[in-house]
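For H118, the entry in Swiss-Prot reads chlorophyll a ChlzD2 binding site. The pheophytin a binding site annotation in Swiss-Prot covers Q130, N143 and rests on similarity to another entry. Summarising the annotation, Swiss-Prot assigns chlorophyll a PD2 binding site to H198 and lists similarity to another entry as the type of evidence. The plastoquinone binding site annotation in Swiss-Prot covers H215, F262. Taken from Swiss-Prot, the feature transmembrane segment covers 41-61, 125-141, 153-166, 208-228, 279-295, and the record attributes it to similarity to another entry.
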Amino acid sequence: MTSSTLSQPIKQRGWFDVLDDWIKRDRFVFVGWSGLLLFPTAYLALGGWLTGTTFVTSWYTHGLASSYLEGANFLTAAVSTPADAMGHSLLLLWGPESQGDIVRWFQLGGLWTFVALHGAFSLIGFMLRQFEISRLVGIRPYNAIAFSGPIAVFVSVFLMYPLGQSSWFFAPSFGVAAIFRFLLFLQGFHNWTLNPFHMMGVAGILGGALLCAIHGATVENTLYEDGEQSNTFKAFEPTQEEETYSMVTANRYWSQIFGIAFSNKRWLHFFMLFVPVMGLWTSSIGIIGLALNLRAYDFVSQEIRAAEDPEFETFYTKNILLNEGLRAWMAPVDQPHENFVFPEEVLPRGNAL
């Protein structure tokens, strides 16, 4: 028997390997390579939002008070979009608009682009974090894929929509009441609620909530009686091998109610993933359509008949009049820099009035 004197060459560990080990070390808050993007951008986005809602006015961009310092509360404070005249400028602090003057930067709305762009990158960093940890733990990356839904909504609403319009001004400001104003704006100027992509989004989100409630209730209903404690939750051990609820009983229950039921846990849970994420994706596609000013359903025949026949009106024609009212009364206040003036005779009056 012969023995080989050959030996495997020892791979030299470089600085990258050492850094890779350190950055992926098991610690209380995992960092990882994704953390290099996530943590700085999330910190700056949140810090910018807190700074803006606390101190920064929207007087120069919207003619509004929007900070705690001016008397706004949590629901009415916001980091407002830049002035319409700024177009799609990134509004860098050192750019030609502000020239390094931070007060001027605040006045022009520079915090909004700061929060929007850092917020978008932080969401992407969080998605990459889920990919990275999935790889390290050895599981499939469906959490990251599901999180693409919120990312698609954020990017379409806060970035793609204003890019299709004349400026960042028409994006939503970062605040509760500001988002509600944006919803009314979308309805008045785009008839958003009649858009089929919005309908699919509503079906996905509400359908996902319904599936979540049904699934949770069904599991709670079919738990095994496997503990002596007064609280059934104490009977569960994270490392136990046996099932904690009866899929067979759950299947029998829903088969009796609907005549059809899930018999495959994997398909059931994929469906619970698919429905809400598809709703988010479809609504994002719809928002991009609005960015391009694409029209959805226009039932022109009903509008013509309503204009000719004082006794004919449908819920659709009433909604069209409501949209006209939103535009007519909202635009002068919403866009004060345009100096809109609508005489009384052009304001919408429905047949029922």
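Cβ atoms here come from the backbone N, Cα and C positions, even for glycine.
Structure with Swiss-Prot features highlighted.
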{"residue": "H118", "record": "chlorophyll a ChlzD2 binding site", "CB count, 10 Å": "20"}
{"residue": "Q130", "record": "pheophytin a binding site", "CB count, 10 Å": "17"}
{"residue": "N143", "record": "pheophytin a binding site", "CB count, 10 Å": "15"}
{"residue": "H198", "record": "chlorophyll a PD2 binding site", "CB count, 10 Å": "23"}
{"residue": "H215", "record": "plastoquinone binding site", "CB count, 10 Å": "16"}
{"residue": "F262", "record": "plastoquinone binding site", "CB count, 10 Å": "18"}
Open item on the list: Same chain only, please: residues at least 6 beyond the ends of the transmembrane segment (279-295) with a C-beta under 8 Å from a C-beta of the stretch. Say none if there are none.
Closed with: 148-150, 152-153, 155-157, 160-165, 186, 190-192, 195-198, 200-205, 207-208
Task: Cα-Cα distance linking the residue listed as 'chlorophyll a ChlzD2 binding site' and H215 (plastoquinone binding site), given in Å to the nearest integer - done: 36
